[in-house]
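According to TrEMBL:
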SIGNAL    1-21  signal peptide
DOMAIN    68-499  domain 'Peptidase S8/S53'
ACT_SITE  76  active site, charge relay system
ACT_SITE  294  active site, charge relay system
ACT_SITE  463  active site, charge relay system
């Protein structure tokens, strides 16, 4: 899945800087108000390049009534459907009786009340962590090609496999080396931290301390003063013990799970054949799961209750979230994604939001067939472009609208991320882009969003730009249900806000690279989704169809 990018503070730790994630807060008042709901604002009225949702409601929809309840399937890590901001906005399978252990509606899923979890079993056990796809491929191919030094003598099919082996091995070795180095630095830092804290707490005569306590320390003991000075410096850079522990755990996950070839929770918990699309007797009705920290903010953008004075304002009101848990911490399985798409289509979803992605897709044909199925049933698919700062016209990023049969999915939208600053840093520095592969952009930088357990957080990522588009699509469709998915897609593209003269920095992982490019060249439409303009255009299109 895409790395969940949270708002971070930079720390200089030993040989390099490390970003520490912040924890969710119980009230949005604890987060800088300048970032609250900015994605809903309007450039003309508010001087903020949001998607003009508030303006759409106040000027275009004030005397209109929605005519269709739009169901948006969120295929993700899990969604906290109990969040106060999502009450009344969660899809309910009315043909299923909760908790009776029977597939009442005969759809193949037992007790699927709010959706389905494809990462568990009937006993309620769920996968939380997974390996990366290239680690799984390496584990599969290494026994066959581990001692091969040349493709000479291999069949054409074997040469293809061998090349895949070489690429996955390279990715694995580079990533593991990098993460182990970071872990080593963090472990060394942790040792220094423990020594310094022992010295200052011993001097203070208590187990805990504040920054003010540190600043007040004066001692003739040079070790105590060195410890005091070191800690004061780290705190001044934004360090906190809690955020450090959080980041250390984050890095440990790579070593212990994502990059561990011996880690195989699928066999132990799900016990299916991931390469058999017909082996579907697995999963459970738990749509929250052990990690709802990604699906919850995604769902909140689309459907969070507006105007309740509690926290954030979602985009669409006449909408329900169908929660489908198929994305672990690590890489998702193609089979799970394909089955989740099919579940969404068969159970009434109009839009499918997909805020995940990976570099390898060994069973891409599973997903392609599911995408074609959704396309045939008039379902709009919205996908996050990814957070690797790369041109996906020239790089793999799965799933994709480009299908193996050479066609492109006609009801697919690929979304990059923008910020609230209409300047050179307008495009998120992490966002993928592509004049052919990315369709349009949407806000995805410094968004204040829902977090599990009735909390809130400030987050970054194309993962959150995608549901902005899904939310706008749901809003438009709820008022103009006559539109087809293709018509809706084209309306969103045509009505997107263009900035033809704006030059922005190319997204890049290299902080020293500051090459500029016209924003209009980074996507097919050259624009940012706009709810106000989309609704106006939808009105015209429907009138031309002779429906209104």
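Backbone N, Cα and C define each Cβ position, glycine as well.
Predicted automatically and left uncurated, TrEMBL annotations should be read as such.
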For residue 76 (active site, charge relay system), the nonlocal same-chain Cβ neighbours (under 8 Å, six or more residues apart) come out as 294, 295, 298, 299, 323, 324, 325, 326, 327, 353, 355, 356
Between the active-site residues 294, 463, the one whose Cβ has the fewest other Cβ atoms within 10 Å is 294
Once DSSP output is merged into helix, strand and coil, residue 294 (active site, charge relay system) belongs to coil
In the three-state DSSP scheme, residue 463 (active site, charge relay system) belongs to helix
